[in-house]
Amino acid sequence: MDHAEENEIPVATQKYHVERPIFSHPVLQERLHVKDKVSESIGDKLKQAFTCTPKKIRNIIYMFLPITKWLPAYKFKEYVLGDLVSGISTGVLQLPQGLAFAMLAAVPPVFGLYSSFYPVIMYCFFGTSRHISIGPFAVISLMIGGVAVRLVPDDIVIPGGVNATNGTEARDALRVKVAMSVTLLSGIIQFCLGVCRFGFVAIYLTEPLVRGFTTAAAVHVFTSMLKYLFGVKTKRYSGIFSVVYSTVAVLQNVKNLNVCSLGVGLMVFGLLLGGKEFNERFKEKLPAPIPLEFFAVVMGTGISAGFNLHESYSVDVVGTLPLGLLPPANPDTSLFHLVYVDAIAIAIVGFSVTISMAKTLANKHGYQVDGNQELIALGICNSIGSLFQTFSISCSLSRSLVQEGTGGKTQLAGCLASLMILLVILATGFLFESLPQAVLSAIVIVNLKGMFMQFSDLPFFWRTSKIELTIWLTTFVSSLFLGLDYGLITAVIIALLTVIYRTQSPSYKVLGQLPDTDVYIDIDAYEEVKEIPGIKIFQINAPIYYANSDLYSNALKRKTGVNPALIMGARRKAMRKYAKEVGNANIANAAVVKVDGEVDGENATKPEEEDDEVKYPPIVIKTTFPEELQRFMPQTENVHTIILDFTQVNFIDSVGVKTLAVMVKEYGDVGIYVYLAGCSPQVVNDLTRNRFFENPALKELLFHSIHDAVLGSHVREAMAEQEASAPPPQDDMEPNATPTTPEA
């Protein structure tokens, strides 16, 4: 303890002194009076639920249409300038991203513009976040593209003898139909989950899982964009090992790369990379980030049109952007059975990304978002949007940061951004028909930088949690090679298994006392902490249930070094030695412990089950062992009490209760008391429901705290010593009477 004596500085020590009884469970219950609770009948609850009042109607409207709450309270003078600047900044970024993410979704670019317009307007009415930017997102777009390419591959045969151009248009039309079907189904799933208040499902997508998944998605997006950057013609792959096939296909065709396309792409790539570094370095001085993507689109379009890159150098361009909005159309519901797995994955991932960013920005600005309403809002955006030929949308991380960072206060900024997209759709779309696809590819790749930076999570999780590192790596690897849909399913299963593993393999500690205090700490962690002679204090930091009850029992015996079976075996061995010495073979066959007439054995330690009810055997503590046999016993620590610290146990199931009853019985057979300390009311209720206290004496084993249990053990031992030193009573007493459990 040298470290405790070095550099000691005299300080005023604050102390507290409390005098109270030792609180066993019965003693504490005598001091407490349960409050009377007014229980409502089912009829009263139904009446209250269906009673219509103006306040209830207003709250329902506020809940399902959040705009009715914040729009009347809009502070025009304070908010309008920020929303105006933010809307313009977000809109000029949303234009190139909408065109680029349509390429990921394997649909014509104009559908990216539709997806940047309709959902944003609808989210303004139904969403609860004031700052996130709704619209196409790289990961979701890639998942949509994977389904579209799987059902409508590049080499599909279009009947009717069409030429190459018409064949491409027919293929794209089929892919749009698939994208609409997936979008509708994912929207229905999100809406139903929101109505059923299933917003909590996002908690199963832990941060390591989401970050590993989005990192793998970034690799998928990167490989998908390579062919546009190099200007090569390759087949688009989806499904298992698609990232490998796509990379190999690009490398095999690299000899056919379009130098002009690569040059334009690299020029834009360098401009964006340097410009983003400039924006980051001088963000405090700039009134708004420089809209680099918009400048890249304008520059790329100007160069392409000026030098006629498409005709002269075969550079692939965006192509025709038809003006005007398409009329509503019904998605093909007959495809649902082919895309339901993808729709579920898209619905969950889209919601997870949205609620994560929404909560981050809400915490920063001091308001709350409703996860269930966010599900409903996304469901409406996707399901109704699919009628207008949009594909699945989510929260865009980069646009959300721009919308918030440029002073956006409400979703009116998003509405303004969508109006800029509407202007392009209705009037100016033809200006961007010469935009090289390599420019859009460079824009997408540069925006993946943040996701690729997530590889830095690995050393962090290596230092902090190997389990979270395992989740990150398994999610990344499975999503990378199995595809994003099956990779996500695999990742969720792995994450749930880690939850089971954490509860099945918790940490077990033997506690000791900090001298002259009521503080009990892990004896392996601190030198000052000492074990109390004759008492073992054992702690678990998890619930006790069917998956870990046997492990808990084994850990107790291993960590404390007190195994009742070994003690019983040592006593039998001592009796045999004593019998051999005195020459009385009958002693060797005598039972060591008898419980209510039953010889100690396997049947005496198991609860009986009759008529589906568990019958626990009465617990009798054998506190004595003949002194003449002690010299034949091995020299070990004399443990008379084991205290189970239940302060970190939040529940115990029927299997755990049975295991606990067996433990109390087994240790009682060898003269060791088992006390339970710090049980929560929930654990006490679990024990009561599972009839652990069928023997009322067992309630004396429960104590309010570890210190109460320690003091109770000391009192019991002192009383036992007094009884042992007292003169024997004058009346006759049966010599082999079985002692009963003394009151603690």
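Cβ coordinates are placed from backbone N, Cα and C, and glycine is handled just like the others.
As recorded in Swiss-Prot:
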type	residues	note
TOPO_DOM	1-79	topological domain 'Cytoplasmic'
TRANSMEM	80-105	transmembrane segment
TRANSMEM	110-125	transmembrane segment
TOPO_DOM	126-137	topological domain 'Cytoplasmic'
TRANSMEM	138-147	transmembrane segment
MOTIF	158-168	motif 'Involved in motor function'
CARBOHYD	N163	N-linked glycosylation site
CARBOHYD	N166	N-linked glycosylation site
TRANSMEM	179-196	transmembrane segment
TOPO_DOM	197-208	topological domain 'Cytoplasmic'
TRANSMEM	209-230	transmembrane segment
INTRAMEM	244-252	intramembrane segment
TOPO_DOM	283-291	topological domain 'Cytoplasmic'
TRANSMEM	292-304	transmembrane segment
TRANSMEM	338-361	transmembrane segment
TOPO_DOM	362-370	topological domain 'Cytoplasmic'
TRANSMEM	397-406	transmembrane segment
SITE	S398	site 'Controls the electromotile activity'
SITE	R399	site 'Contributes to anion binding'
TOPO_DOM	407-410	topological domain 'Cytoplasmic'
TRANSMEM	411-429	transmembrane segment
TRANSMEM	437-455	transmembrane segment
TOPO_DOM	456-469	topological domain 'Cytoplasmic'
TRANSMEM	470-484	transmembrane segment
TRANSMEM	486-497	transmembrane segment
TOPO_DOM	498-744	topological domain 'Cytoplasmic'
REGION	505-718	region 'Extended region for STAS domain'
DOMAIN	525-713	domain 'STAS'
REGION	717-744	region 'Disordered'
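Ranked by the number of CB pairs under 8 Å to the transmembrane segment (292-304), the listed stretches 110-125, 411-429, 437-455, 470-484 are led by 437-455.
Sequence-distant residue pairs (6 or more apart) of the transmembrane segment (209-230) and the transmembrane segment (138-147) include at least 3 whose Cβ atoms are under 8 Å, placing the two stretches in contact. Beyond the ends of the transmembrane segment (397-406), by six or more residues, the same chain brings 82, 85-87, 89-90, 93-94, 97, 131-133, 135, 137, 283, 288-289, 353, 357, 361, 364, 413-414, 417, 447, 450 to within a C-beta distance below 8 angstroms of the stretch. Tertiary neighbourhood of the transmembrane segment (138-147): same-chain residues 101-102, 104-107, 178-179, 182-183, 213-214, 217-218, 220-221, 224, 236, 238-239, 242, 339, 342, 345-346, 349-350, 353, 391-394, 444, 447-448, 483-485, selected by CB-CB distance under 8 Å and a gap of 6+ residues from either end.
Counting residues 6+ beyond its ends, the topological domain 'Cytoplasmic' (407-410) has Cβ neighbours under 8 Å at 70-71, 74, 78-79, 81-83, 85-87, 90, 130-131, 288 in the same chain. Through the fold, the transmembrane segment (179-196) approaches residues 105-107, 111, 144, 147-148, 329, 331-333, 335-336, 339-340, 342-344, 346-347, 350-351, 372-387, 389-392 of its own chain, all at least 6 residues removed from its boundaries and within a Cβ separation under 8 Å. Beyond its flanks by at least six residues, the transmembrane segment (338-361) meets 128-132, 134, 137, 139-140, 143-144, 146-147, 151, 178, 181-182, 185-187, 189-190, 193, 199, 201-202, 205, 210, 213-214, 369, 371, 374-375, 378, 382, 392-395, 397, 400, 404, 484-486, 488-489 of its own chain at Cβ-Cβ distances under 8 Å. Residue counts for the topological domain 'Cytoplasmic' (362-370) under DSSP, helix first, then strand, then coil, are 4 helix, 0 strand, 5 coil. DSSP assignment over the topological domain 'Cytoplasmic' (456-469) gives 13 helix, 0 strand, 1 coil. Long-range Cβ contacts of the transmembrane segment (411-429) within its own chain (Cβ-Cβ under 8 Å, at least 6 residues beyond either end) map to 67, 74, 79, 82-84, 86-88, 90-92, 94-95, 98, 110, 113-114, 116-117, 120-121, 123-124, 127, 129-130, 133-134, 321-325, 403. DSSP assigns R399 (site 'Contributes to anion binding') to a helix. With a cut-off of 8 Å between Cβ atoms, the residues of this chain six or more beyond the transmembrane segment (80-105) that come close are 111-113, 115-116, 133, 135-138, 141-142, 144-145, 148, 179, 221, 224-225, 228, 287-289, 291, 293-294, 296-297, 318, 391, 396, 398-399, 402-404, 406-410, 412-421, 424, 432, 435, 437, 439-441, 443-444, 447. Using DSSP to sort the residues of the topological domain 'Cytoplasmic' (1-79) gives these counts of helix, strand and coil: 39 helix, 1 strand, 39 coil. Residues of the same chain lying 6 or more positions beyond the ends of the topological domain 'Cytoplasmic' (283-291) and with a Cβ under 8 Å from any Cβ of it are 85, 89, 92-93, 275, 402, 405-407. When the topological domain 'Cytoplasmic' (126-137) is classified with DSSP, helix, strand and coil residues number 1 helix, 2 strand, 9 coil.
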